[in-house]
Amino acid sequence: MTTAPMPAFPAGFRWGVATSAYQIEGGASADGRGPSIWDTFARTPGRIADGSSGDVACDHYHRHREDVTLLADLGVSAYRFSVAWPRVRPGGTGAANPAGLDFYERLVDDLLAAGIDPVATLYHWDLPQPLEDAGGWLNRDTAERFAEYADLVAARLGDRVKLWITFNEPFIHMSLGYGTGEHAPGHALLMDALPVAHHQLLGHGLAVAALRARGAGPVAITNHYSPVVPAGDTAADRAAQRAYHALHNRLFTDPLFGRGYPPGFESPVLRDGDLDVIAAPLDLLGVNYYNPTGIRAAPPDAPLPFEIVDLTGYPRTACDWPVVPDGLRTVLTWLHAEYGDALPPVQVTESGCAYDDEPDADGRVHDPERIAYLDGHLRAVRAALDAGVDITGYFVWSLLDNWEWAEGFDKRFGLVHVDYDTQARTPKSSYAWFRDLIAADRP
Ligand code: FCB
């Protein structure tokens, strides 16, 4: 880590942290919440590394006041959380659950009282199970149901949420949830998962219209981006690199900016008018970045035209992900160069890392690797700003250690350590570092 002082960020830059509902809330049966695909998946033997579920998670549902205090002490100007669709409309269709909306209203009002902008993600992967039973995102109707749910949330909170994010990482949801089966709902359809891309994007476009009809805004979507590095300098590896780049980085971005689907990924379920709905102007693009992806050509009879390979020569996090801060600059400058004037301002809506952080004998949690990770990634954001990209915020993933999907409780991403036996929260040294950085930037 360089010892040079962190350069300044533009005036009004939004400093935040991010979480998601299923990963922190618990309260699985509180207030009439219905089951989601993650409840079902976590109960299926062998799906979650440590056999755990998000039934209790960080018990944020009952402890949100304490967590808002942690946010206020951190000094963030924004908090990105997600709304659990099964809490707000338990069956996915039919009656809303006012008690579920009450919870988010309490959270939003507490954030506002603490001077923190509420940033709400409407879909962070927790589809109501009854909708999955009807086909999930393979079914076009799910897009319509999503827009109805967006309307319900906007009717209650449209006057107070400061930024709406329709979807979190639709690429990861499609590829791991429907392509490989590593995430809920656990389908391993490989390229037959492609309709999931179109139905999420359609749901996004319909939700943008629903939000705006309620006067709610600004509106964004958050995508996962990864620079794609060919394993070797062969024509076959370069072709595989291009194919994977189109799938990972362009499939969910080209249509947003009016270009339709990238060649080779035309949607089998596209209908007239859909692309116009999807290309509704956005106020902002959310960028999540963790690491680059190494790709090589697959053997001729393989089911996919590419294979993912390890990128060697970098330090690695506890998830075994390579630490490559400059990859964040790469994706930000690529978006700017590729989409030009069509690209709205960008906020980095997730950036962070897992390490095996445990309290020392004095009960303190030291996480110098996380501080170095965040320092490097913020310098990469600064470099992208200097290259002319309009970046207006940065959110650390995550406020708290939490339930990391198929990895269960084993991977700790928080600025705050959570003891899952007692639910005690202990700010790590990275929390103090980020607090000081924000304070220096917002004197
Ligand atoms: C992202 C997800 C988030 C968390 C981080 C580590 O892909 O959006 O929920 O799992 O990875």
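Count begins at 1; order follows the chain as displayed.
Note: Cβ is positioned from N, Cα and C throughout, glycine not excepted.
Marked as substrate binding site by TrEMBL: Gln23, His124, Asn168, Tyr290, Trp397, Glu404, Trp405. Marked as active site, proton donor by TrEMBL: Glu169. Residues annotated as active site, nucleophile in TrEMBL: Glu350.
Overlay of TrEMBL feature records on the structure.
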{"residue": "Gln23", "record": "substrate binding site", "Cβ neighbours (10 Å)": "25"}
{"residue": "His124", "record": "substrate binding site", "Cβ neighbours (10 Å)": "24"}
{"residue": "Asn168", "record": "substrate binding site", "Cβ neighbours (10 Å)": "24"}
{"residue": "Glu169", "record": "active site, proton donor", "Cβ neighbours (10 Å)": "24"}
{"residue": "Tyr290", "record": "substrate binding site", "Cβ neighbours (10 Å)": "23"}
{"residue": "Glu350", "record": "active site, nucleophile", "Cβ neighbours (10 Å)": "24"}
{"residue": "Trp397", "record": "substrate binding site", "Cβ neighbours (10 Å)": "24"}
{"residue": "Glu404", "record": "substrate binding site", "Cβ neighbours (10 Å)": "19"}
{"residue": "Trp405", "record": "substrate binding site", "Cβ neighbours (10 Å)": "24"}
Env. residues of substrate site, Cβ within 8 Å of mean position of Gln23, His124, Asn168, Tyr290, Trp397, Glu404, Trp405 Cβ: Ser20, Glu169, Glu350, Ser398, Asn402, Phe413
Cα-Cα distance maximum in Å, computed over every pair in Gln23, His124, Asn168, Tyr290, Trp397, Glu404, Trp405 that the record assigns to substrate: 18
Cα distance (Å, whole number) from Glu350 (active site, nucleophile) to Trp405 (substrate binding site): 16
In three-state DSSP terms, the structure that His124 (substrate binding site) belongs to: coil
Glu350 (active site, nucleophile) to Trp397 (substrate binding site) - Cα separation in whole Å: 5
